[in-house]
Each structure stands twice: as structure tokens, then as C-alpha cells.
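Below is one structure; the comments refer to it alone.
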Amino acid sequence: MKIFSDKQIFEGDKLTAERHNITSTELMERAGIQIFNWLDVRMQGAQVPIHVFCGIGNNGGNGLVVARHLINHGYNVETYVVNFSVNRSKDFLVNYDFIKQITKKWPTLMGPKDDFPEIGSEDIIIDAVFGFGLVLPAADWVVKLFQHFKASEAFTLAIDLPSGMETDEVPADENAVVWASHTLSFQAPKLAFFLPDTAKYTTQWEVLDVGIDPNYLINTPIDIELIGKQEVLPIYKMRGKFSHKGNFGHALIIGGSYGKIGAAILASRSALAVGAGLVTAFLPKCGYIPMQSSIPEVMVITDEQDEFISNIKFEIAPTVIGLGVGLGTTKQTEESLKAFLKTNKTPLVIDADGINLLAKNKDLLSLLSENTILTPHPKELERLIGKWKNDYEKLKKVKAFSKKYKLIIVVKGAHTLTVLKNRIYINSTGNPGLATAGTGDVLTGIITGLIAQGYEPLKAAVFGVYLHGKSADIAVQDLGFEAMTASHVIETLGDAYIDLFTQPESPKAERNEEDKKEGENKKNEK
Ligand SMILES: NC(=O)C1=CN([C@@H]2O[C@H](COP(=O)(O)OP(=O)(O)OC[C@H]3O[C@@H](n4cnc5c(N)ncnc54)[C@H](O)[C@@H]3O)[C@@H](O)[C@H]2O)[C@@H](O)CC1
Ligand SMILES: [K+]
């Protein structure tokens, strides 16, 4: 799913009005009806007090439309205008008049000196104070109003985005943001919903189709994409009937050291399970028996040293190399990595100590060929790019780093981000059960195994991250977050592939479709 910027949504809205010969007021009406339907389907006329708080811009205008439709349908509504400025938008003013015509009274105007209305914990708040037009700082009394919302513990539905949330910065004060229960985001989710610093401001989110011209949406290029099943299905390569193992490449895993041979075993097993034709592991001697006895399908080449890798040397010609899992950082290993990178021409996926050694020897980065994949966890990333003050700065630094060295960076986390230059792919699969030893080694093996089969590096990274998360989502259904281990994630990789073709995209998307239909049916009855 494309993630549009505020500017693109704004332009799309303007262009839709022109192309479809429709006014911005009518577009706002459509969006408001959608939000009303969303609520109406869930509330079924229940007389729960609904407090609609509107700002004075277009987000406030959206709030006024929803309030009017709720009132028209007999709901128990109180409408407030949070009157923080006299610069009201045109469509706010039109809808301000409309609501007066219906209710025969103006909404309650709230200023800095007014008391806040009482809000019960069972009530509903509709937050339409600020949308993406917020200019900081919001007035103190408005910030206090947001705290009043939070203290009430009422269900809070944010329109477009939680008021006070910015779309390109982390809020300096978390009290100056509405903590929404649910957000109906216009046309696309916001990047902020996926970042650890800002995701907390809405418990759930959903995309609301506000009717922006489909041609505009299809043809507008974006930098950020949310990766779900629809996005990875076209990447998947179907196996031909006459294919043989030679068609699926040869993955070489270089890693392991005394006490960390398991990392190389996990990566090798994952490369096989994801479909690599052949897998060889290059290990210190101590890894020979454990590897051969735990995975008979994997071939082994050993280093001269017993406990660590000291001289990366092999006679085979692998399609791709996954390097770094359990590698250790001894001086000899470091020297052998330097020597290896100077001559290596095979595509690389680098993880763990491979990244740590690169971070220690930054001059090695320029030896990496274009589209080499690095899969750092946060600490490894910090060693590579330095500290960051918040998620947006982190992204900026990752993009600059990717651009400078022409590398693909897989930033591991709750929503793993795959970054190539200015492009960001946000993964939608995975769960907290993945926060366990060895899952990173599994990811390295998966991506390496995909490249072995002929997936281009960027596609392998995006698809691999998706499969890894999906496999964990399947495994966790039987095991729960705590008991799931990295090995389980390998075992369900087959189910993750099968899921591509058997399951609907997500229960949430299904539910939305049903709701829409229900809403339409109800409207027709009225
Ligand atoms: N079809 C529709 O209904 C559409 C509705 N949209 C809505 O419009 C919103 C953006 O609307 P606006 O650009 O009017 O902005 P907002 O409604 O977010 O605006 C706030 C208004 O208050 C002013 N303001 C912002 N911060 C302030 C501060 N700290 N103190 C005093 N004044 C401040 C701004 O100048 C702006 O006029 C979106 O978030 C969305 O809700 C747009 O998404 C476009 C499509
Ligand atoms: K809002």
C-alpha cells in the first residue's frame, strides 16, 4: 500500500475536485459520511454521549460533518469548536453554518478561559481538533484539553490523525498529543503509525477511502510503501515443472565460532527451508560435527582454526553469501574478513558480527558491491551510522548511508524497514514473539536463500522480511509469544508460502468491506 505524504493527499484532493467537477465541500461531505457510517455500523443508534471536538481548519470541518450526520440520525451528540484561532477554513465555515441550520443552535465555542465539559469513561470522543495542518506549538489550554481527553479514558476516535501528532517529527511533549483509541486515516496510513516513537498515539488505525481520484493514486510516485500480501505476491517466483536444484542456486553461509555454531545452523536451515537449491556452510572446525549432524542437507567447509574463522577460503562458486552470524570479532577473523572483501565478487547479505566488523572498519564499506544487504538490529545500526535523536532522524541517516554506499539496509524492529536510498518498505507481518534469540540468523538465511533462487537483492530483502514475519505469525498461533523460538519460525516457513495463496489479505480488510456494505444497506433502508 502506498503511503502518501500530506502534500500528496492535499494535491490529490484538489485535483479530484477539478477532474470530477465537484467542490471541496462535497468531498468533505463524502469523507464525513464515511466516518459517520463507520460509527453508525458499530453503534447501531446507541445513546452513548458522543463529544465531537472540532478545530477551525479542515480537520474541524470533517468533525462538523460527522457531528451533523450523527445528530440527524438521532445520536446523543455535543459539538464543540476548539476556538484556538480566528483563521477558519472555508469548508469549516460552510459546515459551521450547516450544523446551525440542522440544530438551530451554534456548537459550543471553547476558549482558553472556559471549563472543559465532563466526559465519562463510557462516552465517546471524536477528535477533529488538528489534522496535518498543525503548526506548533498548540496553545496551553488546547494541550490541557488533550490531557482532559486522556484522563477521561473515553474511547477516542481520531479523524485523519491524532491531534498534535506531526507527520515528520516526533512530538517533543507527549501530553500535547491526543492518545487515540482508533484513527481513521485519510486514504493512506501515516508513517508515524509504524515508528516506535509515535505508534503509541493510536491503539489501532484504519484507512478511510475519502474518494481521491484513483488515477491520481495509481500514478503518483511515492517513497514509502507498506508491504502486505498484495505487494509480495507479484515478487513470488513460481517453480517450473522441469526445474532442478541447479535452478535454485547455491547459498554459502559464512559464520559461527566456538559457542555460536547454532547461529550458522539456523541461517543454513533457513536458507534451505526458503528454497535454496544447495547450501554450504563455512565454519571453524568445531562447527563441523554439530552442523553435519543437525542438518544432513547442508555441506560443510571448515576453516583451518578450531574455534573461529581465520581465513575465508573456498573452492566453490556460490550464488550468494550470507555472512556474519555467530562470527565473533577476533583479530584473525577481522583480518580474514578484510582480505575476503577485497576480492569477493559474490552478492552478500551481512548480519551481526559481520556488521560489527564493518562498523569498526568503515573503509571496508566502500568495498561492498552495489545492493549488498545489511540487516542490523538497533545496536548494530547505531555502530554503523551513529546515534540518532528520534525515529525520523534515524530514517534520514539510514537513507543517507544507503545512498552513500549504495547498500540495502534492513532496519530490524517491530515494523522492519527495508531502505534503499530514498525508498522505504515498511513490513506489516511479525509479532513480539520474534524478540528471541536467533530470529535474526533466520532472517539472514531466508534472504540469502531467496537471492540464491534468483530473487533480486531488494525483492529478496522485502519478501524475506515479509515471509519471516508471516512465518512467526503462523507459529505464534500454536505457541504463543513466549514459547516461540527461532527454530519454530523456520518450521512454519512452508505455511508462510502457502498462506500467500490461501488466506485473505487480513481479517481487518475483510471486516471493512463488510462494514461498508452493511452501512450502505442501512442507508438504503432509511
Ligand atoms: N475530503 C476531505 O474531507 C479532506 C479533508 N482533509 C482534512 O484536512 C486536514 C488538514 O486541514 P487543514 O490544512 O485545514 O489543517 P488542520 O485542520 O489540521 O488545521 C488546523 C488549522 O489551524 C491552524 N493552526 C494549526 N496549528 C495551529 C496553532 N498551533 N495555533 C493556531 N492555529 C493553528 C492551521 O493554520 C489550520 O488552519 C486533514 O488532516 C484532514 O482532516 C484533507 O485531508 C483533504 C481531504
Ligand atoms: K484529528
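Quick reminder: no glycine exception, Cβ is built from N, Cα and C everywhere.
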Taking D91, D127, D197 as the options, which does TrEMBL list with N59, S163 at the K(+) site? D127
Can you match one of G386, G440, G445 to the AMP site that TrEMBL gives for K412, G413, A414, H415, T416? G440
Close to G440 (AMP binding site), taking Cα pairs within 10 Å and only the binding-site residues N58, F132, V135, D160, H377, are H377
Same-chain neighbours of the AMP site, Cβ within 8 Å of the mean position of the Cβ atoms of K412, G413, A414, H415, T416, G440 and not counting those residues, run in sequence order as H377, V411, L417, N427, G430, L434, V465
Cβ-centroid neighbourhood (8 Å) of the K(+) site, N59, D127, S163 excluded: F53, G55, G60, G63, A128, V129, F130, G131, A158, I159, D160, L161, P162, G164, V178
In sequence order, which same-chain residues at least six apart have a C-beta under 8 angstroms from N59 (K(+) binding site)? A128, V129, F130, G131, F132, G133, I159, D160, S163
Distance [Cα-Cα, Å, rounded] between G413 (AMP binding site) and H377 ((6S)-NADPHX binding site): 7
Cβ neighbour count (within 10 Å, all chains shown) around G413 (AMP binding site): 18
Which same-chain residues, if any, lie at least 6 apart from H415 (AMP binding site) yet have Cβ under 8 Å of it: F194, L195, I426, N427, S428, G430
